[in-house]
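Following: one structure in structure tokens, then a few remarks.
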């Protein structure tokens with residue numbers, strides 16, 4: 001294993017794979033804060049050169065957190081398909097990049113290779129890619145998920161309806177829900193982030209949105225994004241819900257800070273299989289984002305992008321219905337500006353798909369980051385080209401409960417039109433029946449009038 | 001909840017506005033209409049429009065119902081569309097609300113204000129705003145030089161050391177400091193508490209107060225600091241107060257008064273409240289979770 005190279009006569013040396021992976025990253029404020037990012041642009045490129053010559057075997061043997069110390073490492077390592085790994089272990093990372101991009105390699109072949117990968121391999125190959133490589137590579141890979149209905153199929157683009165309310169008023173939640181549905185948003189899921197993380201409140205919201213879904217015969221699924229243990233209790237007390245949610249991260253210590261571990265997620269998965277309202281087989285919804293480990297002081301000195309790939313490795317154990325990436329939510333200490341957020345978005349979408357996950361994206365921003373609506377819309381369009389399964393839908397992008405900006409109902413409708421994509425099949429037919437969408441996928445004249453749902 | 005009468009009024013208003021909006025505007029520009037003599041107070045302000053009472057959907061099936069829905073949430077619904085995109089009014093209002101939030105973060109507190117308030121200024125180890133935002137670790141530390149200035153300029157061992165800091169909103173300091181600082185001082189004067197020399201810390205994070213506490217050897221240290229702004233609200237300020245704060249102490253030892261702005265707790269009122277809290281801290285020699293208020 002060679003950890004040294006020369007550029008223009010200057011020698012660049014790297015201590016170990018963890019340091020190399022960090023320095024091969026495009027610039028991120030989170031890596032700079034930890035003091036692990038490349039010191040110069042040349043050092044960054046030198047790290048990419050060295051990384052391109054390592055083999056996938058080198059990366060498997062050097063996880064950024066040792067197997068003995070970390071549950072996430074163990075989950076990923078123990079899931080590797082050894083037959084497939086044997087076929088690819090001598091590939092260099094540079095060759096792996098070309099293999100993914102090659103005309104000869106289909107999306108299904110990439111998904112087969114995926115079973116032999118660990119997170120460090122996934123992060124490494126993404127570090128060699130440009131933004132367009134990341135879009136092109138990801139665009140080959142289709143991963144669908146099915147809870148009640150299947151989302152993520154070719155030719156479709158779906159949306160999570162996110163009708164949050166600052167005091168969890170059911171009336172207010174339903175109002176934003178009606179607005180979203182009237183724009184064709186909600187085929188991925190209807191999911192509410194509650195303010196108050198209690199069993200009673202979670203149950204109350206689960207009941208209200210389920211009732212609305214059933215009454216209007218909406219072909220979708222529901223979810224309430226309180227802590228997973230709160231949701232589990234609500235289900236045990238009879239609350240109807242399709243999918244369970246949890247934020248997950250790329251180290252055992254970060255997951256512990258989130259109040260979860262592998263066993264708890266497994267227990268939740270078994271519970272929802274037995275007592276959820278949806279047949280599945282995919283019944284978990286995970287949220288992730290670069291920088292969460294660092295912000296919880298649980299990063300083990302590893303870079304935020306590699307830790308994000310580990311998060312995906314952990315998530316895939318539970319065959320999720322959807323994985324949503326919210327890089328951009330934490331703030332400028334992890335991703336400084338629009339350029340860094342956009343890069344992280346494209347990396348995360350690609351890495352998630354390469355890990356075999358049904359990735360959706362929330363290209364979002366807080367008010368203390370050096371970015372704006374234009375940057376966010378650019379990221380959104382690129383991710384749609386890359387083939388993200390779904391986005392969020394927030395009224396005018398302004399989440400009045402979480403206080404950040406995300407994609408809007410209007411953005412959702414626009415993206416479908418731009419790329420000639422339709423909603424998930426059953427939801428599409430429902431929209432046509434409701435008179436909200438035409439057969440050609442465009443909005444009708446009554447779309448955008450939420451009061452059409454006031455009839456019952 | 002809205003009464004029927006209130007609702008009727010809103011509906012009438014909306015209908016009038018819709019019909020006004022329907023008038024076709026001609027392309028000719030009337031030069032005389034560009035009125036430079038218009039008094040500033042008469043200039044319209046799009047941020048003053050009450051979004052909760054505004055429906056832009058041209059012919060909703062149920063206008064009354066839509067208005068009721070709007071009253072139930074601060075979310076931006078009933079906004080209609082141009083093709084699949086926002087109406088211009090919706091877009092510009094959103095941009096204005098984000099702009100005021102961003103400006104609160106990315107501008108500096110004016111030298112003029114500091115002079116007027118007679119506050120001397122020191123910087124944390126952050127060199128500029130970019131570094132402040134990306135290096136939370138540096139925003140809680142000072143160079144030797146800054147420490148010397150504080151030592152030289154401040155009364156030693158006061159009972160209370162108060163200082164202001166930009167934090168994530170300079171606008172919050174601009175909007176509140178003139179009211180809140182005198183209010184706290186007066187309150188403490190009534191209690192006969194000896195207050196140290198107030199000053200300003202540029203690029204400050206909350207834990208910088210622990211250093212200030214150690215340097216001035218104050219019994220109680222209080223920082224007035226700008227909060228991370230939400231859309232349309234750049235003016236919110238918080239006070240973090242602690243008894244004998246020390247570097248690396250647990251966060252639970254801080255007492256917080258947040259949401260200080262004219263739409264939350266007004267500065268003068270908050271000032272009096274903070275003076276009371278400080279008095280109790282001095283009496284009970286405790287702060288944060290250790291202090292039952």
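Placement of Cβ uses the backbone N, Cα and C atoms for every residue, glycine included.
Of the residues A:57, A:68, A:287, A:293, TrEMBL puts just one in the substrate site with A:160, A:161, A:162, A:193: A:287. Max Cα-Cα distance over the annotated substrate binders (A:160, A:161, A:162, A:193, A:287) is 15 Å. If you take the Cα of residue A:287 (substrate binding site) and the Cα of residue A:246 (adenosylcob(III)alamin binding site), they are about 6 angstrom apart, rounded to a whole number. Counting every protein chain shown, 24 other Cβ atoms lie within 10 Å of the Cβ of residue A:246 (adenosylcob(III)alamin binding site). Residue pair residue A:194 (adenosylcob(III)alamin binding site) / residue A:162 (substrate binding site) shows a Cα separation of 11 Å. If you compare Cα positions, residue A:193 (substrate binding site) sits closest to A:401 out of the binding-site residues A:246, A:295, A:401. Highlighted in sequence order, A:164, A:189, A:191, A:192, A:223, A:225, A:324, A:392 have their Cβ within 8 Å of the centre of the Cβ atoms of A:160, A:161, A:162, A:193, A:287, the residues recorded for substrate, and are not part of that set. Nearest by CA distance to residue A:162 (substrate binding site), out of the binding-site residues A:246, A:295, A:401, is A:401. Between residue A:401 (adenosylcob(III)alamin binding site) and residue A:161 (substrate binding site), the C-alpha separation comes to 14 Å. With a cut-off of 8 Å between CB atoms and residues at least 6 apart in sequence, the same chain places A:177, A:180, A:181, A:185, A:186, A:189, A:190, A:191, A:220, A:393 near residue A:161 (substrate binding site), listed in sequence order.
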